[in-house]
Amino acid sequence: MDIRAIEERYTSGVYPKRELVLVRGEGVYVWDEAGLRYLDATGGQGAALLGHNPPAVRMALQEQMNRLMVCPEIFYNDQRAALLRALQEVLPGNREWRIFLCNSGAEAVEAALKFARLRTGRSEIIAARRAFHGRTMGALSATWNPAYRQPFEPLVPGFRHIPFNDIAALEAAIGPQTAAVILEPVQGEGGVWPADPAFLQAARALCDRFGALLIFDEVQTGCGRTGRWFAAEHSGVVPDLLALGKGLAGGFPIGALAFPAEWGPMPVGAHGSTFGGNPMACAAARATLETIRRERLVERAERLGADFRERLRQLRSPLIREVRGLGLMVGVSLRVRATPVLRRLMARGVLALPGGPDAIRFLPPLIVEAHHLAEIAAALEEALVETSLPVPSTLEESP
Ligand SMILES: *Cc1c(COP(=O)(O)O)cnc(C)c1O
């Protein structure tokens, strides 16, 4: 039985595959079927926030599995109540939040878009260029990359995109017709671009002026990734709607959308999800939040992330254009395409992600240690030495 052949034959085909069959994970490492070990700086696309098979999450899941696996939100549940309360302790701003629980980041974004339209009675949504919010029809309408969008048009009407970090463009676009502005406080899949605090502050003020809502998509930046519980805290801006996903349940599927408690509950029937708020995901998320707090992983992300970026900046490769990021969300923008470099990193036992066409994105688990980050930086240096400079464009373009 060849695992790759079976997948190649029967899967949908929508993912670019790497030549690697992963069968086991622990902490920052994963192993392939031949027993080769890899340092995982993809962190399961950011979902393995505590590393692979974190003991606390594993135990919470095992215990919950033996008690109750299924409990839709038409009933109350102890695990869900505990998670809703635990989230109050960490969500930003001095306010209480209501939370719609779901199963993925895109679903959290869908909920944000629906609730924004419901609350304002308006339909227009302003998003940013390079934004990534997911691939369902609503979230895709907020996503910018034309390659993801065009085959599926017409998308949901009422969306427009402005340049990220451009206050004047936002001011020109927003108005009394705007339901919401949706932003990632650090653009992730677009290439790790932190928002200027001034841009987010201006977005807050403009939304307030026109009665529009501010949505932060913290699916990738949330739960300590950027060295704060939420990336919003770097600017002091509190959004009206906050979307979470990825690492919230330590690798177990979950999504969440928070909105101010002072709005009161949404109308019955306005939204819903069969698996939303299920006790397994809630137990895993609560164990994750507890672990982040107990092990002081937020502070750790800030400290280790800063050291890691400094180390990357010291690499003397002519192929590095810029090192960007916040906390343990780190991007290295290159003068060459990212994919061949990712392949060379993999050959050196390091797994990383692309961020846009020409950046390498590192999302190591928050439990990573300084020596792992040093290994990653060393592997990148070697991979870049092996990668040649691009042909100057004047030569490439000459007839
Ligand atoms: C990954 C991501 C999403 C989509 O999450 P899924 O769980 O894949 O649906 C949305 N927004 C941001 C910022 C993300 O990084």
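Including glycine, each Cβ sits where the backbone N, Cα and C put it.
The pyridoxal 5'-phosphate binding site feature in TrEMBL is assigned to Gly105, Ala106, Phe132, Asp217, Glu218, Val219, Gln220, Thr274. Around Glu218 (pyridoxal 5'-phosphate binding site), the same-chain residues at least 6 positions away in sequence with a Cβ under 8 Å from its Cβ are Glu184, Pro185, Phe230, Ala231, Ala232, Leu242, Ala243, Leu244.
Annotated substrate binding site per TrEMBL: Arg135, Ser273, in sequence order. Cβ-based neighbour count (10 Å, all protein chains) for Arg135 (substrate binding site) stands at 15. For the recorded site, Arg135 (substrate binding site), the DSSP three-state label reads coil.
The annotation N6-(pyridoxal phosphate)lysine is assigned in TrEMBL to Lys246. Mapped onto three states, the DSSP output places Lys246 (N6-(pyridoxal phosphate)lysine) in helix.
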Candidates Arg135, Lys246, Ser273, namely the recorded positions, that fall within 10 Å of Asp217 (pyridoxal 5'-phosphate binding site) by Cα distance: none
Distance [Cα-Cα, Å, rounded] between Lys246 (N6-(pyridoxal phosphate)lysine) and Val219 (pyridoxal 5'-phosphate binding site): 6
Contacting binding-site residues, sequence order - Gly105, Ala106, Glu218 vs ligand 1, Cβ under 6 Å: Gly105, Ala106
Under 8 Å by Cβ from Gly105 (pyridoxal 5'-phosphate binding site), counting only residues of that chain that are 6 or more apart: His133, Gly134, Ala139, Asp217, Val219, Gln220, Ala243, Leu244, Gly245, Lys246, Gly255
Mapped DSSP class for Ala106 (pyridoxal 5'-phosphate binding site), helix or strand or coil: helix
